[in-house]
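Database features (TrEMBL):
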type     : residues  : note
DOMAIN   : B:1-464   : domain 'Cytochrome oxidase subunit I profile'
TRANSMEM : B:12-34   : transmembrane segment
TRANSMEM : B:54-73   : transmembrane segment
TRANSMEM : B:89-110  : transmembrane segment
TRANSMEM : B:137-158 : transmembrane segment
TRANSMEM : B:170-188 : transmembrane segment
TRANSMEM : B:200-223 : transmembrane segment
TRANSMEM : B:235-258 : transmembrane segment
TRANSMEM : B:264-282 : transmembrane segment
TRANSMEM : B:303-326 : transmembrane segment
TRANSMEM : B:346-369 : transmembrane segment
TRANSMEM : B:381-402 : transmembrane segment
TRANSMEM : B:422-444 : transmembrane segment
Amino acid sequence: MSNKAARNLFIYGSLFFFAIFIVLTIDTMGKLDKRAPAITEEVNAGKMVWHKYDCIGCHTILGNGSYFAPDMTKIAEKKPKDYLKQFLMDPKSVNPKASMPKLGISSQEADNLIAFLDWISKVDTNGWPPKPILATAAGIAGKELSAGQKVYQTQNCSNCHMINGIGGTTGPELTHVGSKRDKAWLIGHFKDPKAYVPNSAMPAYGYLSEEELNNLTDYMVSLK
Amino acid sequence: MTIKYESQKIAQNFYTFAVLLFLVQVVVGIIAALQFMWPDFFILNFNIIRSLHINAMVVWLLVGMMGATYYVVSEESDTELWSVPMANFQFWATVLTVTLVVLGYIWMGINPQANSTTLFSTGILNEGREYIEAPRWADILIVVSVLLFLFNNFMTVLKTKKWTGIQGTLLGGLTVLALMYLPGMFYTKNMVKDQFWWWWVVHLWVEGAWEIIAGALLAFMLMKTTGVKREVVEKWMYVEVGLVMFTGILGTGHHYYWIGTPSYWLWVGGIFSSLEPVPLLVMVWDAFRTTRETRVVTNKAGLYYTVAHAIFNFVGAGLWGVIHTLPQVNKWTHGTQITTAHGHLAFYGAYVLLVLAMIYITLPAIRGVKEFNASRAFQSFWWMTISMIFIVLTITGAGMVQTYMERLMGLDYVAVKANYNLWFWILRAIFGVGFLYGVVIFVIDYFKLGKEPAPIAAPAPEKA
């Protein structure tokens with residue numbers, strides 16, 4: 001092959017593949033609206049908050065970004081909105097161990113940002129992120145769960161709390177909570193967290209039946 | 001090698017700025033590495049430090065390539081640069097813009113509320129999109145700078161109309177680079193579109209235009225260090241950059257698996273991106289085949305860096321990229337430290353070593369020396385390269401642990417980062433200091449090269 005032929009192959013071949021790329025791009029652009037919810041003013045305002053504080057400088061979203069803080073794609077599904085709002089406005093007041101700085105995010109900005117994160121959580125990402133193979137259970141494999149453990153699972157407590165190394169670091173660890181709190185405190189706290197822990201962002205669980213609350217509390221008390 | 005045209009010396013301004021920014025990049029990188037262990041220890045948050053780290057990198061590599069281009073085009077076209085004052089102006093305008101942008105990042109770091117979004121819908125100090133954090137006004141200034149740079153070089157070629165394969169490909173690559181900056185310069189309300197077009201910039205830069213530039217400069221460097229015939233080296237250059245485009249353009253799809261775009265990208269991206277290492281392997285073969293036939297080498301350091309560039313371009317960009325490019329794997333590794341590991345070795349191999357090689361090949365001529373004491377060059381090369389290999393191994397280890405424990409097992413992100421990966425962060429910081437040591441030796445060498453007495457006797461011709 002002569003140099004001129006090689007050069008022409010390079011130039012025309014590149015243009016050929018670029019043309020295919022353009023066609024696929026146009027097709028993709030046309031399909032995007034159907035793959036996500038409608039973008040409201042609030043969602044867009046939230047996106048602008050995301051950019052203003054350069055959240056992607058620490059976090060990832062849709063898996064892209066800086067690999068320093070957790071991915072935000074499904075955060076609006078995993079954490080209660082009230083928790084997110086409180087955390088965004090003053091992280092360490094909610095979780096003293098949080099590394100996230102206090103950036104001066106206003107109440108309005110927080111609301112908008114949460115609307116944006118809610119939108120992101122509903123984008124069709126071809127199934128990303130995949131569900132973990134080992135479920136985030138309460139660390140007891142192969143045995144029949146107790147009544148209290150079942151409540152713990154159905155309420156998804158491990159999204160925020162850790163027992164025996166499994167679960168989240170958002171809220172306090174519960175591995176030895178039975179040595180710290182008694183039954184009365186625990187039931188009162190489940191019904192109204194803020195009355196027992198100032199600045200708490202934990203949702204209230206008073207809607208559970210008396211039986212469920214008792215079983216859950218018995219489980220907590222057993223964690224010595 | 002000596003310079004034929006005085007205007008080739010303009011490259012030195014660009015090289016000096018590049019070298020200083022390289023030093024800044026690495027110092028800031030160590031701060032970032034420490035923040036993985038102690039997030040609150042510094043006055044600026046991680047996101048600002050990271051922006052400084054990656055922006056310093058992109059700018060110094062670009063500025064280094066600009067210097068190299070001014071040198072190459074003048075020589076290949078057999079004439080003085082069309083306008084030295086324009087090149088000087090472009091240089092100082094770039095330095096000023098970069099300085100203002102950096103000050104803006106620091107200001108925003110200290111006072112986040114200063115990053116108002118009323119103008120252009122994007123932040124006035126920081127756009128809040130990684131790698132392209134520079135605000136819109138800076139984008140415009142950068143475009144002007146690049147246009148002046150391209151214009152000056154194209155006018156130089158038109159003076160003698162001596163189009164060589166090397167400079168044609170180099171300028172072509174730079175033009176694509178300039179065009180591909182534009183997709184990042186508009187605001188969209190849709191985050192999926194935002195990331196789609198962002199990848200047009202980033203992928204078509206580092207896996208497109210920049211590799212074309214690397215292919216052209218590799219041919220130039222092989223020609224200058226080994227005396228290989230132009231026709232041979234240019235033909236293989238066309239093969240390499242052709243394969244880069246044939247695999248890399250549709251290979252962009254490997255960034256479109258999970259961001260909200262249609263699923264056909266898993267097929268398109270998966271197949272084409274798996275082939276992206278092929279042109280890089282051809283470059284390695286090309287470098288070895290060429291150097292094996294060489295008898296006399298005056299610039300050993302230059303040749304070292306040239307061959308090392310070809311090798312680590314393949315290992316970092318090619319191998320470390322291909323291990324997680326298939327959707328079946330990437331589903332689990334996307335957004336983990338595996339990506340960072342690939343990024344560090346890819347940039348070091350494909351572009352850091354490229355600019356350093358060009359400096360070692362062209363700087364002696366600019367400084368007016370035929371030979372120079374290369375001991376610092378070799379020292380810094382080994383300190384940097386070995387440190388970077390170990391940095392990348394620690395990040396790869398951290399990425400494997402993260403993929404297994406966080407993604408596959410479902411453990412908490414923070415717990416995995418702070419507990420299971422802690423020792424990887426400690427080792428990485430240590431190797432980072434090793435890398436910095438290598439950079440410091442290189443910076444000293446850069447400023448001293450050609451200004452010390454020449455070596456005592458020329459070595460006997462190499463028997464290969």
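Glycine is no exception: its Cβ is also placed from the backbone N, Cα and C atoms.
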At a C-beta cut-off of under 8 Å, are there same-chain residues at least 6 beyond the transmembrane segment (B:200-223) that contact it? List them, or none.
65, 68, 72, 76, 131-132, 165-167, 169-170, 172-174, 176-177, 180-181, 183-184, 230, 233-234, 236-237, 240-241, 244-245, 248-249, 251-252, 255, 276, 279-280, 283, 286-287, 290-291, 302, 306, 309-310, 313, 317, 346-347, 350-351, 354, 357-358, 361
Maximum Cβ pairs under 8 Å to the transmembrane segment (B:170-188) - stretch from the list B:137-158, B:235-258, B:264-282:
B:137-158
Could you name the stretch, out of B:54-73, B:89-110, B:264-282, with the greatest number of CB pairs under 8 A to the transmembrane segment (B:235-258)?
B:264-282
So what pLDDT does the domain 'Cytochrome oxidase subunit I profile' (B:1-464) average out to?
95
At a C-beta cut-off of under 8 Å, are there same-chain residues at least 6 beyond the transmembrane segment (B:89-110) that contact it? List them, or none.
10, 13-14, 17, 21, 43-45, 48, 51-52, 55, 59, 63, 123-126, 133-135, 138, 141-142, 144-145, 148-149, 152
Would the transmembrane segment (B:346-369) and the transmembrane segment (B:54-73) count as touching if the test is at least 3 Cβ pairs under 8 Å, pairs 6 or more apart?
yes
